[in-house]
Amino acid sequence: MAERSRERPVSPFGPPVTVALTGASGAQYGLRLIEALVAADREVWVMISKAAHLVIATETDVELPARPERLAEALVARSGARPGQIRCFGREDWMAPVASGSGAPSSMVICPCSTGTLSAVATGASNNLIERAADVALKERRQLVLVLRETPLSAIHLEHMLNLTRLGAVVLPAAPGFYHQPSTIDDLVDFIVARILNQLGIEHRLMPRWGEP
Ligand SMILES: Cc1cc2nc3c(=O)[nH]c(=O)nc-3n(C[C@H](O)[C@H](O)[C@H](O)COP(=O)(O)O)c2cc1C
């Protein structure tokens, strides 16, 4: 009987990054981040919450199916990703690699991050795959970036942000600067996406770094 290989297939892409879109305003940040990671030749593992689908439908012209396989096809089509570069996982897909420390990538970004998901991550709720993947990132001491969007902030939000920061997560509020003299919404979106890529250590040309001409 032929022996089955237990070796993992070698990916033609750079290390995967998990990107979760949740139901905060600012769906464009997450969609642009996926595009930027694809352009940087990284594999992108995507999860989109139910509320995020509603926000995407409200804020953008982008039509994204809910079923993970169809969602991956749609994201590949809009980002120009190569076959296999984008994988999507469903809300309760507990067999997905992101659900375990042995399979999860070294970096996860929740973008945008709702206060609901912030709270779930801060308390370790793990009630859906996004929350579980973030819990895994924390327990494994991996990189976790939360792109929160809410204003004003309550003491509950601030306490959760402080606790997560103390645990090693990076809270990166979706608060674009204006010193690059943005003239379009894309400029504002790119400001935040550039900051996320800086955190991940991924080279980009979205906007110059401070001090660069
Ligand atoms: C159009 C729209 C905009 C929203 N904007 C925000 C927001 O900016 N920040 C936030 O924390 N929640 C916002 N919400 C509420 C969240 O979607 C809601 O709390 C949801 O339960 C979050 O679920 P999730 O974290 O699983 O995606 C918004 C909802 C909708 C429909």
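Quick reminder: no glycine exception, Cβ is built from N, Cα and C everywhere.
Binding of FMN is attributed by TrEMBL to GLY23, ALA24, SER25, SER114, THR115, GLY116, THR117, ARG149, and the same site annotation extends, among SER49, SER79, SER183, to SER49.
GLY23 (FMN binding site) sits 28 Å from TYR179 (dimethylallyl phosphate binding site), counting Cα to Cα. A coil conformation is recorded for GLY23 (FMN binding site) in the three-state DSSP classification, outside any helix or strand. Within 8 Å of the centroid of the Cβ atoms of GLY23, ALA24, SER25, SER49, SER114, THR115, GLY116, THR117, ARG149, where the record puts FMN, the same chain has further Cβ atoms from THR22, ALA51, ALA52, VAL55, PRO112, CYS113, LEU118, LEU148, GLU150.
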